[in-house]
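So the structure is just underneath, and the comments pick up after that.
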Amino acid sequence: MITLYNTLTRQKEVFKPIEPGKVKMYVCGPTVYNYIHIGNARPAINYDVVRRYFEYQGYNVEYVSNFTDVDDKLIKRSQELNQSVPEIAEKYIAAFHEDVGALNVRKATSNPRVMDHMDDIIQFIKDLVDQGYAYESGGDVYFRTRKFEGYGKLSHQSIDDLKVGARIDAGEHKEDALDFTLWKKAKPGEISWDSPFGEGRPGWHIECSVMAFHELGPTIDIHAGGSDLQFPHHENEIAQSEAHNHAPFANYWMHNGFINIDNEKMSKSLGNFILVHDIIKEVDPDVLRFFMISVHYRSPINYNLELVESARSGLERIRNSYQLIEERAQIATNIENQQTYIDQIDAILNRFETVMNDDFNTANAITAWYDLAKLANKYVLENTTSTEVIDKFKAVYQIFSDVLGVPLKSKNADELLDEDVEKLIEERNEARKNKDFARADEIRDMLKSQNIILEDTPQGVRFKRG
């Protein structure tokens, strides 16, 4: 039984799908005017884990994540680079797939694009105008916010509270300061489309409503995105979707926390804006993913190199323990009376499922993985290995790897760099000083499996490749 925190109700709820055995999930994707930053990577990774866990539990997941390929930022970039909006969008959509692919994010069932749904968007807006929920003014089309009675239910704000900060900017032709744009009148030189309202382009909020409706129907199970999208974007999506469809837009709303850089908000003005395209040249993408899921998705996460290094070390320990299990599989025999270990492995798997069932708590799931690695190390160092137990270890390691999306072997597992070997030797020396001989032996065995031989010399431990 999976429970998740629903932003709409502000409480954990048991997940009940619209269709038995199926999950319809929509995740707000990026505006494709640049490479994605690590703030964009967090929802991509977190909701990929959510999808993977649903699938592990037997659900068929229809996972839709859009590309915003028409937007003010894209138009500005187009003017700066003297390139067309579609050219820029194509470049950064390809870059997005490359970056999230490196982070082991699985491809969505569908990645709808705004430009491909322009006729659908225009018709959706026309329907809202016909129903009295929207109106034309000065070439723009606005949504009548007050007409939708449930406005504010996602962000838990009242119309009166919202009115205090609302204003009508120069050039806008709203009936009410709370109204928001569905269609923008074209400006000279901007990309635009013909419509019953005149030349123009859609507003940001209407795009997601239409693509979600087209791909998944009037009501979806889960709508997800970053906390910054809760208001006004998701609030406006609810208003226009429910006004149009006369049905709940999404039964569950999930929002992930922010990313800070060295305890400061990430921003271009502070010079701490980190692009995934750049950071994965310095940090192993598997480590970056492992770091991202080391904190519960709803909690803020602080990015700094010290914490990333801690994640690298933790993932290395898991992988080293799995390597020992694989090595022992070659010499394992049919030994009986080892049910105690089978039971312990099952208990860890049950704990993993329990914490993942509780709002996808990846932080506690990783703790279970560490415990599995610790038990594996203890087993191979203290026992003649049983085929049954080794196979059980391998199966559960694979489950954890598949659900969390972290491979059990690095992409360059067979190409251990000299600097990595030196770090392992330092760690082994420290372990021996602390009389942690099990860890010291584990490192020695791991290096040996890579044909790296350690030699004691008067100058200290040296290594050579066999």
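Heads up, the Cβ atoms here are built off N, Cα and C, so glycines get one too.
For the ranges 265-269, 350-354, 455-459, the feature annotated in Swiss-Prot as motif ''KMSKS' region' maps to 265-269. Of the given residue ranges 30-40, 305-315, 415-425, Swiss-Prot assigns the label motif ''HIGH' region' to 30-40. Remark: C208 (Zn(2+) binding site) has Y26, C28, N66, H233, E237 as non-local neighbours, by Cβ distance under 8 Å and separation of at least 6 in sequence.
In sequence order, W204, H205, E207, S209, H223, G225, L229, H234, N236 are the residues of the same chain, not among C28, C208, H233, E237, whose CB sits within 8 A of the CB centroid for the Zn(2+) site. Residue counts for the motif ''HIGH' region' (30-40) under DSSP, helix first, then strand, then coil, are 3 helix, 2 strand, 6 coil. Fewest other C-beta atoms within 10 angstroms, among the binding-site residues C28, H233, E237, are seen around H233.
According to DSSP, C28 (Zn(2+) binding site) sits in a coil region rather than a helix or strand.
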